[in-house]
Amino acid sequence: MNPNQKIITIGSICMVVGIISLILQIGNIISIWVSHSIQTGNQNQPETCNQSIITYENNTWVNQTYVNISNTNFVAEQAVAPVALAGNSSLCPISGWAIYSKDNGIRIGSRGDVFVIREPFISCSHLECRTLFLTQGALLNDKHSNGTVKDRSPYRTLMSCPVGEAPSPYNSRFESVAWSASACHDGISWLTVGISGPDNGAVAVLKYNGIITDTIKSWRNNILRTQESECACVNGSCFTVMTDGPSNGQASYKIFKIEKGKVVKSVELNAPNYHYEECSCYPDAGEITCVCRDNWHGSNRPWVSFNQNLEYQIGYICSGVFGDNPRPNDGTGSCGPVSSNGAYGVKGFSFKYGNGVWIGRTKSTSSRSGFEMVWDPNGWTETDSSFSVKQDIVAITDWSGYSGSFVQHPELTGLDCMRPCFWVELIRGRPKENTIWTSGSSISFCGVNSDTVGWSWPDGAELPFTIDK
């Protein structure tokens, strides 16, 4: 091959290589453009993934779904119109109680940042259930937990966290400054009632969607106090019961009707010889039933039921299966206060089913220990002590405490009835144990018409803690 042919051959090869390289570069550019177009086109397409977050903006619940596309997060939003909880359904028929939650707050608090609390309770919206609780402005196993046996102080606040979680600074939200409280959701927003201030002039601050909407001043100047459990909502109105006056004698009791955080009506009960404290209230077929604590002279529980116009009836649970603590052994009941061991008491609850009643109570007749549910098929109206079902919740050898009712509306469960539920406070520390603090964890159960089991679900923390030694 002569020199000219070599030059032509080499030039041809270089040209072919150059053309191939150019084609590859053009293909690469086209590929990048197509990929970018696909990503851009998908930005406004909601897709399914595993993480959803609920936020609240301008009285509209917003479902935010995070969509992962090529390591980039986009947010697809779909508004859910708020609807007031009807509250018109009857209680669901049940045969027993299934465990719903247990927070193990004291066990976790031995090494973790967990609030010192008391008076926990549960309330549900149409989207979620939350545990509400009164903190002492302190953490377990810390010096500020000293002396937290005290009920009323300026450091106490109402806070909330997702049900079943130990209450900590990392999962809890502030609700109100309070040493006595109630809260509930009307289907549109949360209503909180927080009482704070001096014993002779406390004020209840009402908040709706976190904003102060009204206040209620102590009218007897003697420790204004409320339920320590959820209020009850029907057709956009929420109802709560408050007490003002002696804890060991005749006091004053009022029912309040609240709409969007504003008191629209109230009535004082005409209830001589009755004593109502720390009522546990629930809606049933459009009306409200509250079962309360008689701290004056009754070892059975007083009740008040009322309609949305606050027309009310009052009475005591007649059953000889007594529900308060302290109390006598079961025997002959009364539709008025049973005076034997009637002084003092503990917050509790019952659910009325016609003439029958589910009674929640401590197992011990003299101390806040153990817990059980008892079904008395005639107990709302009859005075005998016969019952047909008893389900163990906490063994008598383990501490219990306050207990109260809450419900899950059909808008949450999808059922055609109101599901009855209850929680039990498991108090630990002072005055019964050798610690510098008083706090508690909680368990909860919901009524079902299927298989259940009796057992013991105690607090389970090993005391004392490091701070106590």
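The backbone N, Cα and C atoms fix where each Cβ goes, glycine too.
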Based on the record in Swiss-Prot, give the one of Cys279, Cys281 in a disulfide bond with Cys292.
Cys279
Which of these, Asp324, Asp330, does Swiss-Prot say binds Ca(2+) at the same site as Asp294, Gly298?
Asp324
Of the listed cysteines Cys417, Cys421, Cys446, which one does Swiss-Prot record as disulfide-linked to Cys92?
Cys417
If you follow Swiss-Prot, the disulfide involving Cys238 connects it to which of the following: Cys233, Cys281?
Cys233
Answer for the disulfide partner of Cys335 (Swiss-Prot, candidates Cys290, Cys318) is Cys318
In Å, rounded, how far does the Cα of Cys417 (disulfide bond) sit from the Cα of Cys281 (disulfide bond)?
17
So for Cys124 (disulfide bond), how many other CB atoms are inside 10 Å of its CB?
22
Rounded to a whole angstrom, what is the C-alpha distance between Cys129 (disulfide bond) and Cys184 (disulfide bond)?
10
Given a separation of at least six residues and a C-beta threshold under 8 Å, show me what packs close to Cys421 (disulfide bond) in the same chain.
Tyr100, Ile122, Ser405, Phe406, Val407, Gln408, Ser444, Phe445, Cys446, Gly447
Within 10 Å of Cys281 (disulfide bond) by C-alpha distance: pick out those among the recorded positions Asn88, Cys184, Cys231, Cys292, and say none if nothing qualifies.
Cys231, Cys292
Just give me the nearest neighbour of Cys231 (disulfide bond) among the recorded positions Asn88, Asn146, Cys238, Cys279, Cα to Cα.
Cys238
Using C-alpha positions only, work out which of the recorded positions Asn88, Asn146, Cys290 is nearest to Cys233 (disulfide bond).
Asn88
